[in-house]
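**Student:** Here's the feature list from TrEMBL:
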- 4-400: domain 'Major facilitator superfamily (MFS) profile' (DOMAIN)
- 12-29: transmembrane segment (TRANSMEM)
- 35-58: transmembrane segment (TRANSMEM)
- 70-90: transmembrane segment (TRANSMEM)
- 96-122: transmembrane segment (TRANSMEM)
- 134-155: transmembrane segment (TRANSMEM)
- 161-184: transmembrane segment (TRANSMEM)
- 205-223: transmembrane segment (TRANSMEM)
- 235-257: transmembrane segment (TRANSMEM)
- 269-288: transmembrane segment (TRANSMEM)
- 294-312: transmembrane segment (TRANSMEM)
- 342-364: transmembrane segment (TRANSMEM)
- 371-395: transmembrane segment (TRANSMEM)
Amino acid sequence: MNCQEITIYTSEILYNISYTVLSAFYPGIAEEHNISIWVLGIIFAISPFVSIPASFVVGKYMKKLGRKCVFIFGMILNTISMLIIVIAIYTNTVSFLLLSILSRIISGIGEGCTMNAAPCILMTESPGEMDKIITYFEVCSGLGLLLGPIIGSFISLYSLSLVFVFAAGIYLVFTIVSIFFLQVHDHMLDSKSVSLMKIAFQPRLLLHFFVQFWFMFALGYMSSTIELNLIQYELSSFSIGLIYSICTFMYFAISFIQSRFSFNFKPQILIFFGLCLTGISFYFLGPWEVIFPKQYWIICIGLFLLGISSSLTYSNSHIVPATTHLINIAVNYYAYEYDDILLDGISAIMSISTCLGLVIGSLASGFLTHFLGFSTGYVLVGYLSFASAGIYLILSPSSVYTNSKQKYNSV
């Protein structure tokens, strides 16, 4: 493993640490500053909303800007956004709200840069090692999701602000390291112009973007409200962080198992089952009071199931909806030329579908919880997840997956 790979994989760990730290601890701080839950949903939606135009611009001009420059710039912005949250903690309600909005705007631009640049750097530097890239990316993502709430829980025993200082500090140190160790050959492949809209609306690709959108919708919904839901049970920040890690631990554990062993399941069935299990998990996360008692351990079961459903949806056996798999479809089914513009374009579209899901999910969580309550809102999303599973099963062509694993290294 070379310096470029270590740098990018580490950035994936850091990104997921910061995301889970924010999801697990920020809502409680916002409530202490008298921020309404519907406003909290808007705050969470700002970052992915800003990432959408940022991803479009970065995807279109990344080759001219330079992937390393885009990546480093994104890391710097992520560091700044975390430091602003630290400052906001010690301010009044109005200042807290304004600084939170500023932090999320900066974070959105930063994520738009890093989320696009990171996979493109790996795939241009190691074009014949896509299976390895996918496996390491899954493991690093799961590791970051696992470490965030656990580390945050222990740091919160001393001070909640230290949790965000820690996240900003590791971002800053890693950014400095990246400047010296990340070497990228931005002009390795010859490129031609390609339409992002034309790529996005190819039927097979669009279906995968839909899967990405829906799962990120569910994640955005859960992340925006799960801490406030658990606070009702008078749990400490330490306990909430550990409970949050149930989901991320299951995702990491099952993703690791899938990366080590081969399972002969049809990809469509796994994705369909993963989407259905997401729906079931939301009935527990509410919890659905018609069926379950209003106890926090019911929510723990929901997080456990959501971690499993996440790993099924992103299973290494079908690589959905990883950027590398979409590139494989674009090249082998739609005859696109494999070049760096295609890499940048698909990476940008993936980022946009991710951000759209997070935006709408975060907004929905704020407004549905405000008007319907935790239980009814989660149950409604559970029903929608079953509907999404049905849409996927009906529209999914089996030919998408035929011999796809054998084609990665030939792309």
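Cβ coordinates are placed from backbone N, Cα and C, and glycine is handled just like the others.
Nobody curates TrEMBL annotations by hand; they come from automatic prediction.
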**Student:** Per-residue pLDDT averaged over the domain 'Major facilitator superfamily (MFS) profile' (4-400) comes to what?
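**Tutor:** Summarising the domain 'Major facilitator superfamily (MFS) profile' (4-400) by its mean pLDDT gives 80.
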**Student:** With a cut-off of 8 Å between Cβ atoms, can you find at least three pairs linking the transmembrane segment (161-184) to the transmembrane segment (342-364)? Only pairs 6 or more residues apart in sequence count.
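**Tutor:** No, the transmembrane segment (161-184) and the transmembrane segment (342-364) are not in contact.
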**Student:** Please work out whether the transmembrane segment (342-364) lies in contact with the transmembrane segment (12-29), by counting C-beta pairs under 8 angstroms that are 6 or more apart in sequence and asking whether there are at least 3.
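**Tutor:** Stretch pair does not touch.
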**Student:** Are there at least 3 C-beta pairs under 8 angstroms linking the transmembrane segment (371-395) and the transmembrane segment (205-223), leaving out pairs fewer than 6 apart in sequence?
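**Tutor:** Output yes: the transmembrane segment (205-223) sits against the transmembrane segment (371-395).
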**Student:** Three or more CB pairs closer than 8 Å, sequence separation of 6 or more: does that hold for the transmembrane segment (70-90) against the transmembrane segment (294-312)?
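**Tutor:** Contact between the transmembrane segment (70-90) and the transmembrane segment (294-312): absent.
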**Student:** Tell me whether the transmembrane segment (269-288) sits in contact with the transmembrane segment (35-58), defined here as at least 3 Cβ pairs under 8 Å among residues 6 or more apart in sequence.
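**Tutor:** The answer is no, given that the two segments have fewer than 3 Cβ pairs within the 8 Å cut-off.
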